[in-house]
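Accompanying notes for the structure given below.
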Amino acid sequence: MFVVDLSLSGNMRSLTHGKSIHRSSIVVVTHCSHRLSLSPLNRPALFPSHSDRYTVPWRCRPSSWRLWITFVCLLTLHMFGLSSAVKRDGEVPTANLRASLSPDSSKEDAMLLSAIGGIGPTESRLQHIPFRTTRYLPIRSHVLQSTVERIESPEALNEVPTKVERNEFTEKGDKTEQVLTAQADHKSLLEGRSESTSTAPDDDFDFLFEDDTPKKPKSRVNKGTSSDETSPGDRSSGEGSSASDSLLSVVHRTKGNATQANKNQKRITHPKSKAQHQKKVTKKQGIPGSDSLGTSSADFDFDIDSSSNTQADDSQRQSLGDSSALDLFGSDTGDTGDIFGFSNSSSDGGNAAANDGGLFSSSGMGPTGASDETSANPLGSILGGVLNPFAQQQSITPMTDKADEWSKENMKAFEEKMPKKMRDDGSPDSWYKQAVPQESVADLNRMRENRRIAEENRAAAPLSAVYTKATKTVPAINYLGAGYDHVRGNPVGDPSSMGDPGIRPPVLRFTYAQNEDGVSNDLTVLQPLGGYVRQYVACRQSETISELSNLSDYQNELSVDASLQGGDPIGLNSFSASTGYRDFAKEVSKKDTRTYMLKNYCMRYEAGVAQSNHLKWNVTLAFAAGVSQLPDVFDAHNPECACSAEQWRQDQNAEACTKTNVPIWISFIEQFGTHFLVRLFAGGKMTYQVTAKRSEVEKMRNMGIDVKTQLKMQLGGVSGGAGQGTSSKKNQSSSEYQMNVQKETLVIGGRPPGNVSDPAALAAWADTVEELPMPVKFEVQPLYHLLPVEKQEAFKQAVTFYSKAVGLTPQDLSALTGVTRNLPKQLTQATQVAWSGPPPGFAKCPAGQVVILGFAMHLNFKEPGTDNFRIISCPPGREKCDGVGTASSETDEGRIYILCGEEPINEIQQVVAESPAHAGASVLEASCPDETVVVGGFGISVRGGSDGLDSFSIESCTTGQTICTKAPTRGSEKNFLWMMCVDKQYPGLRELVNVAELGSHGNANKRAVNSDGNVDVKCPANSSIVLGYVMEAHTNMQFVRDKFLQCPENASECKMTGKGVDHGMLWLFDRHALFGWIICKTVNEPAMHVATDVGKAKGNGKKKKGKKGKNKTNAPNEVEEGQQLGADSPSQVSVPADADSGPTSKTMSSLKLAPVKLLDL
């Protein structure tokens, strides 16, 4: 049976054997019979007005005359008005449906009127969206939601393809209507409207990639609210029968699909884009300019059966010469196009039938063209000029440019997705379901890998070419990795060599490569592997002129340009063996001159290497050969060795030194230095060192002229009057005044200018700096990092020996400057500062002074454990000393003691030691560095907890020894020690004595306020205090902060009483301990035997003789002056026994000074 469904409504049910036809439809059913008859199914009249259903039976075999008869019958039915719309209740509407339709009519009426050429969507305020071709999906059950109830209809266990067609309409606030068609023998499952929204994707190709490709966001054709409405498709079953979609779907430009299927099968149809449909129409109508099958998006507009693979396509079936290709109604072996040119795909046992053109497939009047192949039906050319009576003629237009653009976009999207999809394996879930051979996959992967490698090679080729362009290095790179002698060096420059005399031969051997590691980041120059090079263009003049008052100021000025990593000083006696250092020492010793320094920098390059101990650098052949000759020990470090630094200074060829390995080490250090350069700024530097008379400086100050500004003006640095707060008259005097100064200019890098005062000459010099740069600022690292581990300790000992043997000693400075350096005097003239409070805290020196020595302690005698006890040394040369630790509880306390002076004593070195936790039973020992001995220090034993002070003890170190020890006390848990060391040849060292005392300790007595015990630390006889402190340790340290005091200088004793604080309860008392430590100086030590002492002694003696009638009782601050009275004959000197006792309490001691001989010098 062949059924043609001319549905004018979106709602109807299946038709099977001419039975049960739903409302509002005209159906022509043709049976295989011997005669043609038109008879109503439900009405007696042959042509009643607006009949519902008719059947047209005849014999099965189609032919051309049967086609003509069928077409004439259909045309006649249309002329008699049988294709009119019928309302839901079966009544015939008025003749003029267009006039009877109101804006409030149902969507079905609006769709009906639009289909037969009535008012358009704009007039009816409704929008019509054409059908789209759909795909078939296997489902097991359908859930249908009506306006009244929800019904579930389970299907058979086997998957039944079901086709759902939707029409979309949009109206204000309306819901979506969907109608599902099912088998004819089932009852209606849907009577109302389903309140659901279509979720069909608009993209024509998304369903091909649903296995792993995410869906695109839905893009509606209409703006505003959209609704979907379903139009049913008729089904028929039986051998050799074929199905056709309704003619009304043709009017709506919807592709109809008819399939040979079992009667339990259903299909689900999703809408497709209007642009896609118009593209197919244009192609079927044969409009010029349409693309071929291979380029049109219609080529991919096909349904995919999810349960089977496609076996043949239309082109293959036509090429085989299938006899059914031109059959109008199809045959038992395949599907053919219907009379209106629709191509239908059918599925039977996993086989896809071929599709052919139908009646209107090639005619210009065909409303749609859904076939993938151009129809070969001869009726297409015969009826080319016949108008389609069932469609709106205005909607049949050729493909627009916009539709063609949409088609190309769809084709482009498909081509973009196809390669991605083809990369997937041929798994059963894959969309194409093709078994790809493994060899093909391997070949494809191999080709893809070859393309990737080729692309990488093409990308890397320009980079390698860029790297090969870098062929030069920066001019000053040869200084990087060079050795440096910190004792003989001088970054400012040497007057004789006009350069830094500390630069030594290269130590590091660099490797270069033209790659990303061997070329600078700007791809201009080569750089060492593991290092870096970059341009650094900067020329600046110092904003301020530095006034150098002493050797410490000079050393600090040099350390700005040459320092260890982080800016710390290089080491002992740094730069002291250079000519510039000796000259400045002579100049600064003169009290009638003032020295100033001004620097100008012009930097061009910066270079550096990685400063890591884990990086093994390559060294030069000469350095490696020198290291191989070094022994593993340094003989002079042995106390029994007779070759000391003093012996080497006096006679290095003496037998005491030649029999040792000391010459080998000294030769190695003199050749390669003590350090090596790891970072440098290369360019030029011009240093002005100006010396002016003291009287000249005082005269300028009296005139109101700023000395530093005047020097800048004379040196060409700044304009007159800059930075001065004087009157205009004084400014005029400043501009007219010329200082009488002695100027020395040192130039490093570039071509030295002829006249350093000429700006043009200075500009020419700055231009030559880039071609001839030299290190103007650099950082160094100790050379022992490049030595084997077994030789590093010996190298450190050798460097200390070298610094003392070659550099200036205190005796040398005394002889050079004519000023006696005496350690007790220097310490006595310093300022003591004691601070207490919560940790960390800090103690600060008075203005203009820096730290000479000191310590910071963290104490807690209430909490158990030993982690609450810490001690560190205060770094010299800084303005303050920071505490140690943090306050984790209210009983954590800090104590800081520092000694401040105008300049640090570089020869003093501090040592701190702590015992491991719970090691109180072991003796703690600390040693001074090489060639140094103890000046003073103390050791303390402590224990945590409220009763820890019961085990507290303190001991002093012995002056002149190289080791200081602290023996534990009973019950102690931790020992810590602090001491200071100095060169054993330092003047006045033998005058000092250390004293430590533990006073009252035990339970605190709150009734004895400020008198709870005492501590009294006394100096030995004939000595006075140089420095020291007294302190009270308490269970609650926060309540005794005021009981931490420094001892008065020149006094004979230092004492303090307890505060009397007890916060214990019942029989639990707080503990406390009072203790102190002092350094005393003796008064019977002869003065230093130097020539200047003789002159001062005679002068002082004459001066004293002139003071007749004066009280001969000397104040404590006159003790040292009295020591130098009459060096030629014995003198009586009064020394107070206790400075606090007043002038009436004094003890006299006579001492006889040894005669001074010039031969002793």
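Every residue, even glycine, has its Cβ placed from backbone N, Cα and C.
Copied from Swiss-Prot, the annotated features are:
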TRANSMEM  67-86  transmembrane segment
COMPBIAS  162-177  compositional bias 'Basic and acidic residues'
COMPBIAS  184-194  compositional bias 'Basic and acidic residues'
COMPBIAS  201-211  compositional bias 'Acidic residues'
COMPBIAS  222-234  compositional bias 'Polar residues'
COMPBIAS  309-322  compositional bias 'Polar residues'
COMPBIAS  361-378  compositional bias 'Polar residues'
DOMAIN    463-817  domain 'MACPF'
DISULFID  CYS539-CYS602  disulfide bond
TRANSMEM  554-589  transmembrane segment
DISULFID  CYS643-CYS657  disulfide bond
TRANSMEM  694-740  transmembrane segment
DISULFID  CYS845-CYS900  disulfide bond
DISULFID  CYS874-CYS881  disulfide bond
DISULFID  CYS928-CYS981  disulfide bond
DISULFID  CYS957-CYS964  disulfide bond
DISULFID  CYS1019-CYS1080  disulfide bond
DISULFID  CYS1047-CYS1054  disulfide bond
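Mapped onto this structure are the features recorded in Swiss-Prot.
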residue	record	DSSP (3 states)
CYS539	disulfide bond	strand
CYS602	disulfide bond	strand
CYS643	disulfide bond	coil
CYS845	disulfide bond	coil
CYS874	disulfide bond	coil
CYS881	disulfide bond	strand
CYS964	disulfide bond	strand
CYS981	disulfide bond	strand
CYS1054	disulfide bond	strand
CYS1080	disulfide bond	strand
Checklist entry - So what sits near CYS964 (disulfide bond) in its own chain, CB-to-CB under 8 Å and at least six residues off in sequence? => result VAL911, GLU925, ALA926, VAL934, GLY937, GLY939, CYS957, THR958, LEU977, MET979
Next on the checklist: For the domain 'MACPF' (463-817), what's the mean pLDDT in this predicted model?
Outcome noted: 84
Checklist entry - By a simple count, how many Cβ atoms lie within 10 Å of the Cβ of CYS981 (disulfide bond), its own Cβ left out? => result 26
Checklist outcome for this item: The correct three-state DSSP answer for CYS957 (disulfide bond) is coil
Next on the checklist: I need the nearest neighbour of CYS874 (disulfide bond) among the disulfide-bonded residues CYS643, CYS900, CYS1019, CYS1080, using C-alpha distances.
Outcome noted: CYS900
Next on the checklist: If you measure from the CA of CYS845 (disulfide bond) out to 10 Å, which disulfide-bonded residues from the list CYS539, CYS657, CYS928, CYS981, CYS1047, CYS1054 are inside that radius?
Outcome noted: none
Checklist entry - Hey, what's the Cβ neighbour count for CYS957 (disulfide bond) at 10 Å? => result 27
Checklist entry - In Å, rounded, how far does the Cα of CYS657 (disulfide bond) sit from the Cα of CYS1047 (disulfide bond)? => result 46
Item to check | Number of Cβ atoms other than its own within 10 Å, given for CYS845 (disulfide bond) | outcome: 21
Checklist outcome for this item: DSSP output for CYS657 (disulfide bond) maps to helix
Checklist outcome for this item: Long-range Cβ list for CYS643 (disulfide bond), cut-off under 8 Å, min separation 6+ in sequence, same chain only, gives ASP635, ALA636, ALA654, ALA656, CYS657, THR660, VAL662
Item to check | Inter-residue C-alpha distance, CYS900 (disulfide bond) and CYS1019 (disulfide bond) (nearest angstrom) | outcome: 22
Checklist entry - Are there residues of the same chain, six or more positions away from CYS1047 (disulfide bond), whose CB falls under 8 angstroms from its CB, and which are they? => result GLN832, VAL1017, ILE1025, LEU1027, GLY1028, TYR1029, VAL1030, CYS1054, GLY1076, ILE1078
Checklist entry - Among CYS539, CYS602, CYS900, CYS1019, CYS1080, all listed as disulfide-bonded residues, which has the most CB atoms within 10 Å of its CB? => result CYS1080
